[in-house]
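Listed in Swiss-Prot:
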type    : residues                                                               : note
BINDING : K138, Q144, G145, S181, V182, Y183, I184, K194, F195, D196, T241, N242 : ATP binding site
BINDING : Q144                                                                   : protein binding site
BINDING : R220, K259, K344                                                       : L-glutamate binding site
BINDING : D313, E326                                                             : Mg(2+) 1 binding site
BINDING : E326, N328                                                             : Mg(2+) 2 binding site
DOMAIN  : 1-367                                                                  : domain 'TTL'
REGION  : 390-423                                                                : region 'Disordered'
Amino acid sequence: MAGRVKWVTDIEKSVLINNFEKRGWIQVTENEDWNFYWMSVQTIRNVFSVETGYRLSDDQIVNHFPNHYELTRKDLMVKNIKRYRKELEKEGSPLAEKDENGKYLYLDFVPVTYMLPADYNLFVEEFRKSPSSTWIMKPCGKAQGKGIFLINKLSQIKKWSRDSKTSSFVSQSTKEAYVISVYINNPLLIGGRKFDLRLYVLVSTYRPLRCYMYKLGFCRFCTVKYTPSTSELDNMFVHLTNVAIQKHGEDYNHIHGGKWTVNNLRLYLESTRGREVTSKLFDEIHWIIVQSLKAVAPVMNNDKHCFECYGYDIIIDDKLKPWLIEVNASPSLTSSTANDRILKYNLINDTLNIAVPNGEIPDCKWNKSPPKEVLGNYEILYDEELAQGDGAERELRNRPGQPVGPRAGRSRDSGRSVLTTWK
């Protein structure tokens, strides 16, 4: 039956096509009857647009949710997380607890961020509280480090404004929306270099939320040693880890591509910081990923024809606190090294094993919850049905003195939540 699956893609990457061909699937065009379409975010917009009026049949599935941008657009991700915090606060959830300075104890995992031009005055007010801070500015809808720059003076933004006297922000080239965030200027360094984590997370359904973590993530390193010096603010080889930028650096290594496996990072941290501290760090990373998904779940169009593999970008500071930087809807499938090619081939293979019933035609009624033995390098990160089914959340949430936050422990293998007291 596997040979009957008809596939289409508008992303010509060998790691995709080789996986489809290995399964004996048949390539067709988008105008023919197809069962599986691995598409770009531009195409998914057209497929689900009101104008197109395209209706997917039960034997058709696609690799994006219709409004994935609620998570993957930088401004909307922050907006949804802020809304989620306020909702938990209204409900009196222990997760929304704050310290004496009004800072969230457990939900402070995204750098302070403002939308421009909308929040320009709020940003200026915050900037003046800490005039020595550095901020990073990013266009909302771009990837691969495009259009990003760092600032440490208000005048650097006013240069972009047609009329700085009005304190309004207007880009000279377009009126494109930007986010501006406090720059994490104390990143954890290895070999003196800044790095971030790229982690892959597969969501098979948002309601109920079920997500999987891919165990083979990696670290991306800058090619130039880090310095917070203001003289290097414009040097993106110091500050941005994106391979699309670093590969143009003089010191870029084409053999390892400036990458480390997450397992190597874990071993390094265990040897330098200790096993307990390292385990706590990774528990916190898993916890904030699930919180970000819970933040967008209510607004996500949970179309049964969809699944999505996200690329999460996490930065760890020198106090071993993880920060969610952004989420990518189409993490790069370009292979920069031999190891990269193997990793991404296996990522697609394991993703297909969850999205499509084994040896069968795609079926939107399939719950995308296969037995553990076919998960490959994925492991269940959170399963809302199992978490609610055992009744543990409500009981633990009501117990006085019950620990909350990412330190409270997890049970990923059972499919229960990373945090025992989650909402």
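Backbone N, Cα and C define each Cβ position, glycine as well.
A map of Swiss-Prot features onto the structure.
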residue : record                   : Cβ contacts under 8 Å, 6 or more apart
K138    : ATP binding site         : K74, G147, I148, Y178, V179, I180, S181, E326
V182    : ATP binding site         : P111, V112, T113, S133, T134, W135, I136
I184    : ATP binding site         : P111, I315, D317, W323
K259    : L-glutamate binding site : F218, C219, R220, F221, S336, T337, N339, D340
D313    : Mg(2+) 1 binding site    : D196, L197, R198, L324, I325, E326, V327, N328
K344    : L-glutamate binding site : V15, L333, S335
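Regional average pLDDT for the domain 'TTL' (1-367) in the model is 87. Across R220, K259, K344, which the record gives as binding L-glutamate, the greatest C-alpha separation is 15 Å.
Within 10 Å of the C-beta of R220 (L-glutamate binding site) we count 19 further C-beta atoms, all protein chains included. Taking the Cβ of E326 (Mg(2+) 1 binding site) as centre and 10 Å as the limit, one finds 20 other Cβ atoms among all the protein chains shown. Here the binding-site residues are F195, N328, and the one ringed by the most other CB atoms within 10 angstroms is F195.
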